[in-house]
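See structure below.
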């Protein structure tokens, strides 16, 4: 029972971090300090948290081979969307650059303009692909975290953006 609770906490781990950075970007910029790129720092912390999330999922997974055909297909589509978003936006666009006072160009190239929140959709498709190994409640919990962030980010207020430290 304790490992199940730990897995649930592990799955939800990044969302308070993302919430804090989205809602109080100036604090993050100030914490990073002069000369530091807040997007790069966010990426570093996010990658560490993502590793903990994946370990949390692995702790409750039951692996069997081969997976059903839908698993690699959903995983491939989901990861393609994530790759494409990162390719178009780069690190600064992916890791809240606009919130940290950076000028990020508006994208209309696929998948933008075709799929709302393509990175979150890609991540959720990738998680659904793991249902062949991971219990539903953990995938659902993680996806709900993404849905919450999509809701939070849908109305970005330019007045609340951070001022870059020079």
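Every residue gets a Cβ built from N, Cα and C, even glycine.
Nobody curates TrEMBL annotations by hand; they come from automatic prediction.
As written in TrEMBL, here are the features:
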BINDING   76, 77, 78, 156, 157  S-adenosyl-L-methionine binding site
INTRAMEM  3-23  intramembrane segment
TOPO_DOM  155-166  topological domain 'Cytoplasmic'
TRANSMEM  6-24  transmembrane segment
TRANSMEM  45-65  transmembrane segment
TRANSMEM  127-152  transmembrane segment
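Proximity of distant same-chain residues to the transmembrane segment (6-24), defined by a Cβ-Cβ separation under 8 Å and at least 6 residues beyond the stretch ends, is recorded for 42, 45-46, 49-50, 52-53, 55-57, 59-60, 96, 99, 137-138, 141-142, 145, 148-149, 152-153, 160. Minimal Cβ crowding within 10 Å, among the binding-site residues 156, 157, is found at 157. DSSP places the residues of the topological domain 'Cytoplasmic' (155-166) in helix, strand and coil in these numbers: 3 helix, 0 strand, 9 coil. If you take the C-beta of residue 77 (S-adenosyl-L-methionine binding site) and look for same-chain residues 6 or more apart in sequence within under 8 angstroms, you find 122, 125.
Taking Cβ-Cβ distances under 8 Å and a sequence separation of 6 or more, residue 76 (S-adenosyl-L-methionine binding site) has no neighbours in its chain. Take 76, 77, 78, 156, 157, the residues named in the record as contacts for S-adenosyl-L-methionine: the widest Cα to Cα gap among them comes to 34 Å. Looking only at the topological domain 'Cytoplasmic' (155-166), the predicted model's pLDDT averages out at 80. Residues 23, 25-26, 28-30, 32-34, 38, 98-102 of the same chain lie 6 or more positions beyond the ends of the topological domain 'Cytoplasmic' (155-166) yet place their CB under 8 Å from a CB of it.
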